[in-house]
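Trainee: Found this in TrEMBL, in case it helps:
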| type | residues | note |
| --- | --- | --- |
| TRANSMEM | B:6-28 | transmembrane segment |
| TRANSMEM | B:55-76 | transmembrane segment |
| TRANSMEM | B:88-109 | transmembrane segment |
| TRANSMEM | B:116-133 | transmembrane segment |
| TRANSMEM | B:145-166 | transmembrane segment |
| TRANSMEM | B:187-206 | transmembrane segment |
| TRANSMEM | B:233-263 | transmembrane segment |
| TRANSMEM | B:275-297 | transmembrane segment |
| TRANSMEM | B:303-322 | transmembrane segment |
Amino acid sequence: MLKVDNLSGGYGKEPIVKNISFSVEKGEVLGILGPNGSGKSTLLKIISGILPKLEGTVEIDGKDSAVYSQKQFARKVAVLPQLHAHAFSHSVKDTVALGRYPHQSGLFSSWSNEDERAVNEALAYTGVTRYSDTPIELLSGGEQQRVFVAQALAQEAPILLLDEPTNHLDIAHQQQLLDTIRKQKNEKGVTVVSVFHDINLASLYCDRLLLMENGRIATIGDPKDVIQETTIGTVYNARVKTQPHPELPKPQMTLLPDTKEEEKPFTVNKQQFTVSADHVSFKVDQPLKTISSAVTNPGMGWYRAFVNRHVDANYNADDVKAEMADYLGKRGYHLTDTVGMMTAVTTEHAEIGEYKGEFGSVLIMVTAGVGNAVDVSESLTRDREQRIGTINTWVIVNGHLPDEAFIQAMITATEAKTKALQTEDIKDPLTGTIATGTSTDSLLIAATQEGEHLPYAGPITPLGKLIGHGVYDSTVRAVQAYKKAKVWPS
Amino acid sequence: MNKATIAYIVSAATLIVAVWLGVSIGTVKIPIQTFWDSTDTTASNILWKIRMPRVILAGLVGASLAIAGAAFQGLLKNPLADPYTLGVSSGASVGAVMTLFFGLSIPILGPYTLPVFSMAGAALTMFLVIGFAKLVDRSMKMETIILTGIIFGSFLGSVLSLMIALTGEELRQIIGWLLGSVSMRSWNYILMVLPFVVIGSFILWLNRRELNAMLFGEERAHHLGVNVKRRKFMILIGGSVLTGSAVAVSGTIGFVGLVVPHMTRLMWGSDHRHLLTLSFMNGASLLIICDLIARTIISPTELPVGVITAFIGAPVFAYIFYRQRRKGAM
C-alpha cells in the first residue's frame, strides 16, 4: 500500500533522514519510534509531501506519489497532526467537513449526500456528534484532537499518517484515540503509519515497529524484536528493562532510574521474625522482591511484611481474600505492602532457620501440617475433600536474583520439601504411598535484590545448595514438631 | 431559515439602507421619488451625477478593502492583517503617485495605467512584506507580520513624502488624495475600478474553501489536499488587485479591511464561504456610512473619509490585539 524506497530528505541540503526503505501492507499499523531528533517526524513529513525529498521514491498504492495532484493525494492519504492552537473559531462540524475538500471539485462544488454521510459517520465514529455546532476552541484538548481525527476520517483515505497523535492527551483520551484508529484498521482495512513518542503505546497498538536513529533505520520488525533492552538502551541512550504486558503478548519497557545510591545496602536476618499467638510475621524496612502463591498479594511484587496466619481447622469464610484483608488491616498491616498466607498449624510449631553461605544467607520459615498429605503421582485417581492441612514454606534470600533464579529456587525448595516428607515417612492416607506434599501447600521466595548477583538457584549452585539443605532441614523439624503435637502414630 | 441566509438578508438590507441614506442626506434632501421621477431636474442631477457615483464608489472601495482584509487575515491566520496594516495600501499609493509623478501612461492600458501601477505596487509590497516576515520568523507570528507591515509602510510613506516635496502645483491634489477620499469622483472612476473589483473578488471567492483549510495552518491545508503554493499566490494577487484598484481611486483609507471582517466574523462566524461575500457587502455599507459622516459632520467642510475610518478602526485594532494577546493563542 505504501512503499518507501531509499528515501533521503529534510529541510535543507543536508538530509535529515537517510536511505530509508520500508513498505507497509494494506491494513497494517506501522509505528515509527526514535529519540528526539532522530528524524521520525521528518520522515512522515517527506512522505506526506510537506518536506522535499532529495533522493528515493514514495509509492502510494502502486504509483509514485509525485504523479498525484494535491487533491488526488489527499484522497489516498489522510494526515493527523499533533494538537495545536488556531486563531479563528470554527464549529466542529465545519472543521470535520473540511475533510471532504479533496472530494469536491468545480466552481460551486455542491455538498453531496456522500459528503454529508462521510462527515456524519466520522462525527459519530469519534463520538463528537453532540458537539457538532460547538466552536472548536471551547472543547478540551482531548476532544479537539478527536475532532481532527474525525476530519482525517472524513477524508476516507485508505492510508492514515499520524504524527504523535496522542501528544498532550491524558491516558483516557490516548486510549480512545488509538482504539478508534485500530478500529478503522479492523473494520475498513485502513493502513496506518504513526510516529510515537511513547514506546509502550506503540508496542500495544502497532503490528510492526520502525526504530530510527540519526535519520536511519536502526531496526524494523515485530514489536518484540524491536523493543529489546539492548536495542532501546543504545538507541535512546537510556537504561531500560523490558517485560511482557500482563494481559497481552506485547513487550513493554520501563526505565531504570538511578536511585540505587539513595538507598543504603541492607540485609535481612532471623531477628526480624516475630511469632505471636495467631501469626508468624517477618517485617523489613525495604521491600523485597517476592514471588508466592499466598492468599493476599500472590504472584510477583515488592513487599515489606510477610504474614503466616494460623486459622482454626474449621475456618470457613465466603470470601477468604476479603476476610484475610480485614484480618491484616485490623493488625496494622498495610495491605499493598503485605503478603499473607494461612495455615491450620499453630504458630508455636513454625520452624525458622538462618543458613549462611559464602555469598550471604538464606532465611527459611516452614509450618507443616501433614494431616492432609497427598501423593501427587496418585492424585488423579482419587477424589478428595478440600481440607486445611498445609505446608507453608518461605525462602528469603540475601542476594540479587534474576527471574529464572526465582523459578529455580521454587523447584529446589519443592524438591527439598518432598524429600523431607519421604524422610519422615509421611504417607497419603488414601493410597498408602509416600506423600509428596499436601493439597494446599504454599511457597514464597523473596530476595533483597542487594549484594551478590546469584544467577541460578539449582541444587548445584551455592544458593541452591543452601535452599535445598535449609528447606529440607526446616521441614523435617516442622513435621516432627507437628507429629509430636498430634501424637503421631509411628 | 439558517444562519447564513439570515446573514445575507441582514447585510443586503443594511447595504440598501446605507445606499439610500448616502444618496438622500446632504445639504439638499433628495426625496425618494427622484429615482423614477425626473421632473425635479436639480434633485435628479444631484442624485445621478453627484451622490450616486460617490456612494457607489465608496461602496466599491469599502467592499474591496473589506474582502481583501478578510482574505489576508485568513491566509495569514492573523486577525490584525488588512491592506493598511500590512503596508500594502502604501505600496499601492507609491505605485499610483509614481504614475502621476512621472506622468506615466502606457498606451494599451490607457486610463487603466494608474490602477495597474497601483496594483503592481500593492502586489510587490505584499510579497516583500511576507517574504521579509518569513525571513525574520519562520512561524510568522502576528506581531512580526504587523511590524514588518509598519516598517515597509513607513519607508514607502517617506518615498511618498519625497515625491510630494519634489512636485509643485499638483501638491495639494496629491495630499488630499492621500488622506483618502471618494469625493468629486465621476462615473469614469467607477468604470475604471469596477472590472478589477469584480476580478479580484472573484479570485478570492474561488479560494473560499481553501481559506477555510488554511485557517488550520498551511501544513494542515496541504494535508487536506490544498495546493497551498498556488492558492496562496492567487489570494495574494486577488488581494493586491483589490487594494491597488481601491487606492487608485480613493487613496489610502485605513482599517476598513480590519474592522469589517472582524465584525462580520463576530456576528456570523469565520466560514469563508460566507465571510468573504458578507465582508464585501458590509464593507460597502460601512464606507458609504463613513463617507456620509465625513461630508456631513462639520458641514459645509468635508473631512477625508480616512479620518473617520481610522477613528473607528484604531480602537478596534487595539481591542483585537488585546484580546489575542490575552487569549495567548498566538
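Every residue, even glycine, has its Cβ placed from backbone N, Cα and C.
Any TrEMBL annotation is an automated prediction that lacks curation.
Could you place the listed features in the three-dimensional structure?
Mentor: Here the transmembrane segment (B:6-28) has long-range neighbours at 42-43, 46-47, 51-52, 54-55, 58-59, 267-268, 274, 277-278, 281-282, 284-286, 288-289, 291-292, 295-296, 299-300, meaning same-chain residues at least 6 beyond its ends whose C-beta is under 8 angstroms from one of its own.
Tertiary neighbourhood of the transmembrane segment (B:88-109): same-chain residues 115-126, 129, 149, 152-153, 156-157, 159-160, 163-164, 166-167, 170, 174, 178, 239-240, 243-244, 246-248, 251-254, selected by CB-CB distance under 8 Å and a gap of 6+ residues from either end.
Away from its own ends, the transmembrane segment (B:145-166) comes close to residues 76, 78, 80-81, 85-91, 93-94, 97-98, 101, 125, 128-130, 132-133, 136, 174-175, 178 of its chain (Cβ-Cβ under 8 Å, at least six residues beyond either end).
Residues 53, 56-57, 60-61, 63-64, 67-68, 70-71, 111-112, 114-115, 119, 234-235, 237-239, 241-242, 244-246, 248-249, 276-277, 280 of the same chain sit 6 or more residues outside the transmembrane segment (B:187-206) yet have a Cβ under 8 Å from a Cβ within it.
Within the same chain, residues 58, 79-80, 84-85, 176, 179-182, 250-256, 258-259, 262, 286-287, 290-291, 293-295, 297 sit at least 6 positions outside the transmembrane segment (B:303-322) and bring their C-beta atoms closer than 8 Å to a C-beta of that stretch.
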Trainee: Assess whether the transmembrane segment (B:275-297) lies in contact with the transmembrane segment (B:116-133), where contact requires at least three Cβ pairs under 8 Å among residues 6 or more apart in sequence.
Mentor: no
Trainee: Are there residues at least 6 beyond the ends of the transmembrane segment (B:55-76) whose Cβ is under 8 Å from a Cβ of it, and what are they?
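Mentor: Distant Cβ neighbours of the transmembrane segment (B:55-76) are 15, 18-19, 22-23, 82-84, 86, 130, 140, 145, 182, 185, 189-190, 193-194, 197, 200-201, 204, 207, 211-212, 214-215, 232, 235-236, 238-239, 242-243, 245-246, 249-250, 253, 256-258, 260-261, 264, 270, 272, 275-276, 279-288, 290-291, 305.
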Trainee: Using a Cβ cut-off under 8 Å, which residues of the same chain at least 6 positions beyond either end of the transmembrane segment (B:116-133) come close to it?
Mentor: 76, 83, 86-96, 98-99, 104, 106, 109, 140, 144-145, 148-149, 151-152, 156, 196, 236-237, 239-241, 243-245, 247-248
